[in-house]
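Over in TrEMBL, the protein carries these features:
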COMPBIAS  21-33  compositional bias 'Basic and acidic residues'
DOMAIN    51-490  domain 'Major facilitator superfamily (MFS) profile'
REGION    1-39  region 'Disordered'
TRANSMEM  44-63  transmembrane segment
TRANSMEM  104-124  transmembrane segment
TRANSMEM  136-154  transmembrane segment
TRANSMEM  166-184  transmembrane segment
TRANSMEM  191-213  transmembrane segment
TRANSMEM  219-240  transmembrane segment
TRANSMEM  304-327  transmembrane segment
TRANSMEM  339-358  transmembrane segment
TRANSMEM  365-387  transmembrane segment
TRANSMEM  399-423  transmembrane segment
TRANSMEM  435-455  transmembrane segment
TRANSMEM  461-483  transmembrane segment
Amino acid sequence: MEPQSIVDFDEEASNPLLRRASPDTESREDAEAGKISSPASSGATALVIFSTLISVLGSYVFGTAVSTENCNLTGFLTECYVRMQVGFSSPAQSGIVNDLGLSIAEYSVFGSIWTIGAMLGAIISGKIADFFGRRVAMGFAELFCLVGWTAISFSQNAWLLDIGRFLAGYGVGILSYVVPVYIAEITPKNLRGAFTAVNQLMICCGGSVMYVIGNFTSWRTLALIGTIPCILQLLGLFLIPESPRWLAKMDKWKECETSLQRLRGANANISQEAAEIIEYTEMLKQLSDTGMIDLFQRKYAHGLIVGVGLMVLQQFGGVNAIAYYASAIFESAGVSSRTGTLAMVVIQVPMTLLGTLLTDKSGRVPLLMISATGTLLGCFLTGLSFLLQDLQLWKDSPLLALIGVLIFTGSFSLGMGGIPWVIMSEIFPINVKGLAGSLVTVVNWFGSWIISYSFNFLTKWISSAGTFFLFSVASGLTIIFVAKLVPETKGRTLEEIQASMVLFTRKS
């Protein structure tokens, strides 16, 4: 999309958010003549790749934290714990309970406090990233994760275990916001989706690797292994540049251009991209400081609806329900829980990788539509299996549930797992990105907690079959929501995306 197609002259004059930087004429002519490549659509330099790898070590930490206690990650209810222990008992779970003599209630606190910490971390994540910078925010978060993992490894009682878990969750809550934002702000527009989606891929890899290692080592050693990516990221942060867009926001113009030049390559012409970033940032500064109440102004409404809506629908689509029931489904289908979990990993990682590769090829919206359709089918088949079991109509119905779980896992990994985070990192202007991003991240964690906490109540009130049918309805609503409201951000600069979001709201 050409910049001039976003807004017309009258709209530019009436709202500084919608004005566009004038591209450097000579640079554009040279680019069209083939003398130079457009920086915004250039390939990835070694530094962009390295910076992305360092930042997604935080995502890997996220994944390792998730894997240590599986289904009890956010569950308060004893019944859920007992049910899942019958189906699956990971080395971390049994080791912690046996070595420290924890009751089921104490272990439930250990699981749930991680999400409480993550929600609190998410609340302040935007402020930290806006005030101190993206790199400092990642380093700050990793210090909490490092201390948390160490405390867990050396804990001799429940309270130290809980403190360590809370600190790790707090760090992960910050990382879940700042990692995709940093990646989105440093990558060229034609690669931004794929690079940002690596965030979800590394979460999957972190969980998968820790699960495999956990089968061969003690939980204390497992916790110490969890400190390795924390240390690697802390060291790597000294070697990567700060986000050019954050530097521009802080009036560090020279540093902004230096950072952008490093990221695009020594011989790249960055004049047009730098001018767009700086001019757009200057325009935003004409507006008054934004507080939480100001975030709900009409001009930010579309972005807020899209960001919050995707996170709510992601959680209400049944991801935690599938996680809770997976092991029990595997056992009832005559498949060992360990084999079933391995099957999920075999599907999850390649499908996440496929989604990462397709994000900038097919676009965000088509992948979300396909992914939501698959999660709808997966939950429907799982619900149908439970219904047939309740009615005793088909003795092989657990096999149907097994198929449903695997379809859901693959489909969720393809798009709904990672793309909402990609879009969250793209749609908000720099002046509200911290507040809006924090709000969206908190909504995601809070939604995760609500589904985890209410899951057992739902299965009692409307039956297991009804619960999964309800989740399939949520996936159906996701398809409609994406089709009607979610913008396609593929191949557009962040400034173009954010300006068009405001324009959409004004025209609605």
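Every residue gets a Cβ built from N, Cα and C, even glycine.
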Of the stretches 104-124, 191-213, 304-327, 339-358, 399-423, which racks up the most C-beta pairs under 8 Å with the transmembrane segment (44-63)?
191-213
Ranking 219-240, 304-327, 339-358, 365-387, 461-483 by the number of C-beta pairs under 8 Å to the transmembrane segment (191-213), which range is first?
339-358
Can you see whether the transmembrane segment (339-358) and the transmembrane segment (166-184) are touching - at least 3 CB pairs under 8 angstroms, only pairs 6 or more apart in sequence?
no
Find the member of 104-124, 136-154, 166-184, 219-240, 304-327 that has more C-beta pairs under 8 Å to the transmembrane segment (365-387) than any other listed stretch.
304-327
Do at least three C-beta pairs under 8 angstroms join the transmembrane segment (219-240) to the transmembrane segment (136-154), pairs 6 or more apart in sequence?
yes
Is the number of Cβ-Cβ pairs under 8 Å between the transmembrane segment (435-455) and the transmembrane segment (166-184) three or more, considering only pairs separated by 6 or more positions?
yes
Who are the long-range neighbours of the transmembrane segment (304-327) in its own chain, taking Cβ under 8 Å and residues 6 or more past its ends?
70-71, 73-75, 80, 83-84, 87-88, 295-296, 337, 340-341, 344, 372, 375, 378-379, 382, 401, 405, 408-409, 412, 416-417, 419-420, 423-424, 427-428, 436-437, 439-441, 443-444, 447-448, 450-452, 455, 464, 467-468, 471-472, 474-475, 477-478, 481-482, 485-487, 501
Excluding the flanking five residues on each side, which residues at least 6 beyond the ends of the transmembrane segment (399-423) place their CB within less than 8 Å of a CB in that stretch?
176, 180, 184, 192-193, 196-197, 199-201, 203-204, 306-307, 310-311, 314, 317-319, 322, 325-326, 329-330, 332-333, 335, 340, 343-344, 347-349, 351-352, 354-356, 359, 364, 367-368, 370-375, 377-386, 388, 444, 478, 486, 489
